[in-house]
Every structure is written in structure tokens, then in C-alpha cells.
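**Q** Submitted below is the structure of interest, expressed as C-alpha cells.
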């Protein structure tokens, strides 16, 4: 079959190959055509660098596929840059390259202006004037690229283990967006995350600005152990609302959830269970409210007592 090999200069080479050919064989064919020694060749397909011992069929390279040929500079090295979207960019660099140089290479590949790039390695943000060797970044190291959005801000998320995560966010980001960023960094599924700020649990559909979360604010991350539960809230009109809660949720949290669903301000809500009015600071487990329990909602009229 025929495949194409595109070089960084834009030249396209056509090769006759078999699916069973190894990458090593392909590099030998390129040497025959172009005179480039195999040890200076790097072949990329679908964003992956191809390994010498594997075959074209291992990588699902079919007829008329296009490989990309990158020259491995003597003394140069490859590093990877992973974005928050999960895309991995491969760069050819020298240990003596500055972070500024690396950002320029990323701009060449991806079109992202250097002033919007933040590069992270081993949990540290890298400074423009320092070099890769200053940070002990070696061949095949992976850097993380975070975009510094215009008008964006940094916030911190502290876990129960005491670890602090730094996030780049916008005031207009929803709590759902923030949980997705935490998943990208830490691998924790959003449905297991509960975020707390100023003592309140944050609801997915609301934004950071709704909660007056500003730059360098610290949120607290509590893991929602599988074992969240559903409860029902019945109003005097006979309507039943379903809520997702934790036994550790306070009555105040529950009223906030009702407000999000129904628009009723918490100060107008009275919740009754087993004949008792529930107090804001107590938790569902304090009242032995279990999954599929039904609470009753009575409206406290303005001026009422």
C-alpha cells in the first residue's frame, strides 16, 4: 500500500509499504529516499510518536495515511505538553531552552499567545527567564499547560488531606465547570465532589460570582462518598420535590437546594419531619432522616412568627 510522510518543511514523501512493516523498516525507506539517518527520524501518527519495533498495523496505519516526520536534533530532546482538554503536544527542545522559548514553540504549534500560557511541572509554575535544566526537566518529561484567560483569576481548592490545588477560573464559571477542572487535575469524578465556601455547599448550576468567590479565594473539597441519597419534600399544595442529599447535609443546605429548585427563599421555609420542625444548624443524620424519607415544607409568611 502507499502511505505519505510529511516533513516539517511541508514536503510530502510517498512510500510503498506493507501493513506488517515495522517503523524501523519505514525509517530505512525514508533514509533510502531522503538520506536522513533513522536515528534522527521521529515519526508521528495521530499525535503519537511511533516506536521502532511496532508495525504499521499495530498503529492502525492504513493505505494513504499520512505520517509526520520530525527530525531529532543531536543533543536535543523531546518533551510533552498536556493541555486541560487532554491533548498532548510534542516539542523538540534543548535543556538550555528558556520557558519563554518553550512558550514560543507552543505558539508556533497551537497558536496560543505566550502571555496566555502557564506551564506547570512537578506542581510548580515555570518562570519565563529560567531554563528547562534549571527545573530538571529531562527528555520525555510532561509539562501541563493551563490557559491564563483574559480576565481570569486563580482560586485555591483545599482537600481534607490538606493538599491545595490551584485553578485558573473565570467569575462566570459554574461550579460544574470548576468540578470538571478538578477532575482534570486530580481525577476525582464531579459526582463525588462537594465544594464548600464560607460554610455553604456550592450548587452545580450556580457561578463563582453568584457566591462572591473572588481571586485567591479558597474553596474546600469534600468527597461525596457513594452513599448520597434521595429524599422527598412535600409542599402544602401536594407537590413533591426530589432532592439529592448526604446524611451530613445541614438543614440549611437542604433549604438552599429547595431554593435552587423552587425559588423559595430559605427564610420563608419551615421543614417538618416526624412532627418536629428542623433547625438550620443540625444535619439530616441528627434527625435520623434516611434515604427516601419525606419532609414536609411549610411556608413561613413574611411577618409571621
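Yeah, the Cβs are placed from backbone N, Cα and C, and that goes for glycine too.
Here the structure is a predicted model, which means the values were calculated and not measured.
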**Q** For the candidates 65, 209, 285, I need the one that Swiss-Prot annotates as phosphoserine.
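**A** Swiss-Prot annotates phosphoserine at 65; the rest carry no such entry.
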**Q** Within 10 Å of the Cβ of residue 48 (ubiquitin cross-link), how many other Cβ atoms can you find? Include all protein chains, please.
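**A** Taking all protein chains shown, residue 48 (ubiquitin cross-link) has 11 Cβ neighbours within 10 Å.
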**Q** Expressed to the nearest Å, what is the distance separating residue 76 (ADP-ribosylglycine) and residue 48 (ubiquitin cross-link) at their Cα atoms?
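**A** Approximately 19 Å lies between the Cα of residue 76 (ADP-ribosylglycine) and that of residue 48 (ubiquitin cross-link).
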**Q** Under DSSP, the domain 'Ubiquitin-like 4' (229-304) has how many residues in helix, strand and coil?
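**A** Computed counts for the domain 'Ubiquitin-like 4' (229-304) are 18 helix, 28 strand, 30 coil.
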**Q** Let me know the DSSP-derived helix, strand or coil state of residue 65 (phosphoserine), please.
**A** coil
